[in-house]
Amino acid sequence: MTKKILVVNTGGTIAMSVDDTEGVKPLDDQAVNKILPFLERYADVTMKNVLNLPSPHMTPKIMNDLRLQIEEEFRQEQYDGVVITHGTDTLEETAYFLDLTLSVNVPIVVTGAMRSSNELGADGPVNLISSVRAAADPASLNKGVIVVFNDEIHAACHVTKTHTSNVATFQSPQYGPIGTIAKKSVQYHHAPLDREHYNITHADANVPLIKAVAGMEPAWLQFLLEQPIDGLVIEAFGLGNLPPAIIPTLQQLLDRGIPIVLVSRCYNGQVQDIYDYEGGGRKLKEMGIIFSNGLNGQKARLKLIVTLQTTRDFQELQKLFDQ
């Protein structure tokens, strides 16, 4: 039986063209629709053009609006899978946000392109075809949101953009892809061990993300004391260590009930409370700072935005970030 696949277009390079004088610019809403005849040999495809945004314009609020639109589509019509086309700069963030919040029990695939539609070797069409094939394959069920790019399948929780222009930009450091798109089949060799889901109504929490560097000054963080922030994520050194100069400011934020989540600025590994010097991970954990289980900074920020609707208790948040 032919599978029914919903393709939701949100913009990005896959829906852009390059011009020698004007640079790369968005096309009209119908740009991706031109690929439709190539998709119909794999599935019964319905296309919906919901956005036409360069992905740096994406926000958590727009991600949540996209979630609501997809869920509304399923209230009106049943599909066997969903493919979302998206710009690559924030693709991993939208994919992860939907992985945490989307209440649709079919394969959900996010894809895009590194080359504009009229460039030689444009990768958008083959990525879209591969994504439709993945969404239509029963093996893609119960894998969470997946990212299909360059004939690789990645889990939304692990994938990240690693190169500014290479078509193989999406990688999953430490974990690798969970499957591949072969000539005649969709092949999985493992699946994400844990899946989380949160019921949310909005995504407007104010959660900045900062990166630790050598010689950080307290003043760099003190302005946060004057801002209406709901949480903070810090990309720390190595296993989870920070410059001692900023610790008093972090304590002030914690005393005000602002949860602080720690991730590593390293691509591999995760933060752990090992070092017991001032600014070391063990002392940070004792302060009440939350240690994230392997997420990068941008994903930990989204998870905090989402989980703040569940609890603001530091210990409960730590349990959620242990998952």
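Glycine is no exception: its Cβ is also placed from the backbone N, Cα and C atoms.
In TrEMBL, annotation is done automatically, which means it is predicted and not curated.
Site annotation (TrEMBL, ligand substrate) includes T88, D89; from S55, S116, S117, the additional listed residue is S55. Neighbour counts of Cβ atoms within 10 Å were taken for the recorded positions T13, S55, T88; the minimum is at S55.
Straight-line distance linking the Cα atoms of T88 (active site) and T13 (active site), rounded to a whole number, equals 8 Å.
The two recorded residues, S55 (substrate binding site) and T13 (active site), have Cα atoms 9 Å apart.
Its Cβ taken as reference, D89 (substrate binding site) is surrounded by 17 other Cβ atoms within 10 Å in the chains shown.
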